[in-house]
Amino acid sequence: IGPSGVETTVYAGDGEYLMXLSIGTPAQPFSAIMDTGSDLIWTQXQPXTQXFXQSDPQGSSSFSTLPCGYGDSETQGSMGTETFTFGSVSIPNITFGXGEGPLPLPXQLDVAKYITLDLPIDPSAFDLCFQTPSDPSNLQIPTFVMHFDTGNSVVSFVSAQCGA
């Protein structure tokens with residue numbers, strides 16, 4: 001660690017910057033998205049079902065679990081400390097979240113019985129349906145924001161009946 005901090009390889013991805021690092025003892029190499037929106041490092045850890053390279057905290061002799069809760073509930077998993085290696089520099093006891101996968105949108109909104117998110121075969125489209133519960137006066141759906149990375153494409157929204 002020098003006066004300018006730790007250095008590692010950074011390269012451009014598809015709309016994000018990626019950095020090379022290793023996690024654990026023995027070190028497992030990964031590419032990670034650089035996210036300046038959070039000061040906590042999140043990795044996808046086993047037994048997540050997504051198709052990304054995954055950290056295995058239980059296979060590391062330097063992993064230690066910490067109790068936690070995360071404010072916006074966008075992931076589920078555990079929190080711990082681990083040795084991170086950037087280039088040739090290893091730093092022990094870095095706090096990070098070991099996510100077991102992103103929570104689906106209905107679970108994030110805590111309205112799973114009122115909302116469905118269908119991902120069709122066409123990867124350029126999806127359906128988001130809000131359904132009326134048996135007692136509509138008790139429905140409380142929080143405000144949320146969805147971000148779409150469309151490149152140079154046009155996004156259009158069509159009102160339709162759910163299940164249509």
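Cβ atoms here come from the backbone N, Cα and C positions, even for glycine.
Under the heading domain 'Peptidase A1', Swiss-Prot lists 17-164.
Annotation comment: Swiss-Prot describes Asp35 as active site, evidence class sequence analysis.
Listed in sequence order, Ser64, Thr81, Glu82, Thr83 are the same-chain residues six or more apart from Asn93 (N-linked glycosylation site) with CB atoms under 8 A from its CB. Annotation note: Asn93 (N-linked glycosylation site) sits in a strand segment as assigned by DSSP. The N-linked glycosylation site annotation in Swiss-Prot covers Asn93.
In the predicted model, residues of the domain 'Peptidase A1' (17-164) average a pLDDT of 61.
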